[in-house]
């Protein structure tokens, strides 16, 4: 079908555009410009360009929600103007310069990526140079599909064209006084750097809630408080841009509910676990990320897999994918929202693991074994790993999940929950759970207390106290 029309100048969202008005063949054309509409799938068409908006028979032509590229697979109309330039109706609206959470520089739209092998920095799939993409002007080999770059979980929605790029300010969370002596924002007293000797299960980091193992460096309070921080946790930056969230995150200490007026705990958005300690939060949303999950970066080197792992699954794939270790689909948080752990995947062999399993301590200590225990996947079990040394029940290898075992011929084998506990990232203290004050205590009495909810003995590493009653888990409250 051949139609004619004419150009007129106009504005869209405050920006000047040339708008072409199509006329039917029964109308009188306003100019000699001609246009043809083609809805075919000819692969030889050059890429669409964000040049102008078309109106068809005096109506604005409907906009498709995706910029056409090899990944979208959506059928689109193609418009041919006398200059032989092709363009796409949506391109007039997408931004030119943006910042995404997966890259440390800004990226800008290019209609003509270089003709070479290009891999998307988000989904890790091929970028077709025949179509537009976002590219980093500072990194020669960083390109992103348009659809990937404009995802709401990666882009904050801000157009940065014409806005000067300011240097990133790194604010340390500590003040240094002398060699090995600091003052951390989370504590009133000075801390001194030390090297851990013998393993003590009562020593744990106030930031990540994990134990202090022998040989590791940590900061301890010089005023004899029990406040301890791993050296790495003490150096965690105040501000952080993480790959799984579009906005900048701020480090915060989740304080005692009697002092801060808060809940004393939070749900980590990446792993779905209930947490105490330090949190990275977005003040404008309910997004929370604990310190251990915040340390995950691409490529992630998981000790239990031979290849690097990436956040390469698109949202539709992640919704249906399942972690190959725990096979869990997530839980509900305090607000009733479904929390499914974020997933990491291997590009080479399609291995998938969630943040919760990928960040379990790969090596952990058991007080009755002189060696480190190694995390094993369920399929690595054999007849020598038959019984848990803690709960004395059988380890069933056909079940989901994994276990810990000693590789030094000690034959020690334990369940993950038996060694780390059901709440490995909850340290002793007071929290408010569903409006009720709950005290978390170490379960270290000679006789195990009786749970008022199940009427069974509490076997976990911590117990919960509420109104002079003891419970073995939050579900029992």
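Every residue, even glycine, has its Cβ placed from backbone N, Cα and C.
Per TrEMBL, the feature domain 'DC1' maps to 102-149, 185-234, 368-418. The domain 'DC1-like C-terminal' annotation in TrEMBL covers 439-477.
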Roughly where does the domain 'DC1' (102-149) sit in mean pLDDT, to the nearest integer?
92
Do you know the DSSP helix, strand and coil residue counts for the domain 'DC1' (102-149)?
4 helix, 14 strand, 30 coil
Which residue counts does DSSP give the domain 'DC1-like C-terminal' (439-477) for helix, strand and coil?
3 helix, 14 strand, 22 coil
